[in-house]
Amino acid sequence: MAGFLQQVVQGLGAGAIYASLALALVLIYQFTGIVNFAQGELAMFSTYVAWQCMAAGLPFWVALPLTLVVSFAGGMLIERVIIRPVEGAPELTIVIVTVGLFIFVNAAAGWIWTFLIKDFPNPFPGGALELGGVSLSFSTLGVLGVVALVMGLLYLLFQHTKIGLGMRAVAANPASARLVGIRVGWTLALGWGLAATVGAVSGVLVAPLLFLEPNMMAGVLIYAFAAATLGGFDSPLGAVVGGLVVGVAETLAGAYVGFIGSDLKVGVPLVIILGVLLLRPQGLFGRAAVERA
Amino acid sequence: MSGPTKVDDTTAAPAPARKRRSGTIPARWRWIALALLLAAAVYAPFQLVPFHVFQLTMVLVYAVALLGLNLLVGHAGQISLGHGAFFAIGAYTSAVLVDRLDVPYLLTLPLAAAVAFLVGFGLGVPAMRLRGLYLALVTLAIAIFLVPLLKRFEELTGGSMGLTLPKPVPPAWSGLAEDQWLYFLALGVAVLAFLVAASLLRSRVGRALHAVRDNEIAAEVMGVRLSSYKTLAFAWSAMFAGVAGCVYTWVIGFVSPDSFTVNLSITLLAGLVVGGLGSLSGPVLGGLFVMFVPSISQDINDAAPGVIFGLLIILVMYVAPQGLAGLAGRLIKKIPRKE
């Protein structure tokens, strides 16, 4: 039993990371209807920015806010410069542009920082909390705490500030939002900035566990997609729940299903994505899209 | 080709899906140009050093794969981020048949095509119920999943070590060197693939696909069965990728899971977009691009091909949604000629 609980805890830790990247995906999807295939790469790039700051001698807790600010600005800039021209274009065009962004950011990071693996310090202390035979490492607790914090802050932003109200209005109906005086373009940019910031958090959380290298997020991205699909692409809460479920499912499948083992675990998100799309395409918490034919 | 379909050049938004083939070049000139191209293609291997012949062979291999991807993306308007997986399936089918069952290598081509078609069909049935975006997700997940899957079935696929195969020996009557023989095999397959694709697109099927791409609802009202055409487009395009993979195995003589990572899938999509979505010459230009841009730019930096690919894709979507093929078409139209 303790072994099982241990696996669940481990899964929650992994799931929290998927959740944070899924949250970034959902933020952008909510506002623009775009699934940003470059989200993981942007997170990776942000992590390199943090690494660079620390390499320059800054302590982690100074480098982190600096990175978040840079990511926020970067996200907004990308929306303004790269996404803006294809706003409203067919899905195919937008997906291809974000894939182009994916390739570009990945290669740019490789160009600037080389493809060699870099060590990234873990911001959380090393020990673990023993609880009834289950060991909760501080790192897992820290990751869960950070994701909860991000979720809480987003909730406050969306539900209790004027900016958040405006953002929800844009997500619900851009045309009406524009008519009541909300600057839709800037709100979209704000959404991208927020997403990049949340993504940066996930990158910084992943890096100590996976080592920092340009392809670091490629593996995480597919889990984040599964999480967002499971939770519903338009629900931030769903993204977090989905992330945790995907993390636990993946860990348990790897540990207890002999055929899957640790190497075929990456099949779990595929099965989840396919299953959700076929049975409940809007996800657990999403709204079903109603189309007027 | 078709009559003087006026192409509207005042595209407001870059929308590759909406544009049509520019059928403005007279059919006669097209045939002459094609014949010249083919003559040059036949002549080339006798003039080039083996390494360059090998490179051209790989261009043909990529062109066949892109032709398949183009059917799906350019003509049916569906996105696949996982075509490397079908390429891999074709490559591995051929390799396993030759290595384990001693099947003559030429015979592996139809078998690889059949296996890729069936897998594509099987995956297409659930995948095609999904809208564009989700299809991209699922195909991406498939491409990622394939690598560990290939490593797992070690007794069949050779695991991460892969399979090494003898290269096809040129028959004595031909008098060709190995690289030249491989080149002509690839050329033959490519020409065949292009003929199949061209006639497919000119038929009822092609018109149905274009209708699906341009307006699903209208197509459905006109009696096009969306799900069956989309699924078939997926299966065909998987088949072309599988054929390309099979020829790849002949040419390289080695397959391993790490040759078929997600990067291959993404590179294929990049090549197609830059080459030109929805045109028949796009895949060839894309093949040239996929082959030569990395090998030339890698001298600058390991990351240079990626930077160039990424920037070009975005740029192409903005200014030339039909890619290089579309640009070439536009230039040709500028040349004044007698009616």
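Note: Cβ is positioned from N, Cα and C throughout, glycine not excepted.
The feature transmembrane segment is assigned by TrEMBL to A:12-38, A:58-82, A:94-116, A:136-158, A:188-210, A:216-233, A:240-260, A:266-285.
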Self-check item: Beyond the flanks of the transmembrane segment (A:240-260) by at least 6 residues, Cβ under 8 Å
Solution: 7-8, 10-23, 147, 151, 223-224, 226-232, 267-269, 272, 283-285
Quiz item: Which residues, given as numbers and ranges, are at least 6 beyond the ends of the transmembrane segment (A:266-285) yet have a Cβ under 8 Å from it?
Solution: 219, 222-223, 225-226, 228-233, 235, 237-238, 241-242, 246, 249-250, 253-254, 260
Self-check item: Distant-in-sequence neighbours of the transmembrane segment (A:188-210), which means Cβ under 8 A and at least six residues beyond its ends
Solution: 16-17, 20-21, 23-25, 27-28, 30-32, 36, 39-40, 42-47, 49-51, 64, 67-68, 71-76, 78-80, 83, 87, 120-123, 139, 143, 146-147, 150, 154, 157, 163, 167, 170, 216-217, 219-220, 224
Self-check item: Close approaches to the transmembrane segment (A:94-116) from elsewhere in its chain (Cβ under 8 angstroms; 6 or more beyond its ends)
Solution: 34-38, 40-42, 44-45, 48, 51-52, 78, 82-83, 86, 213-215
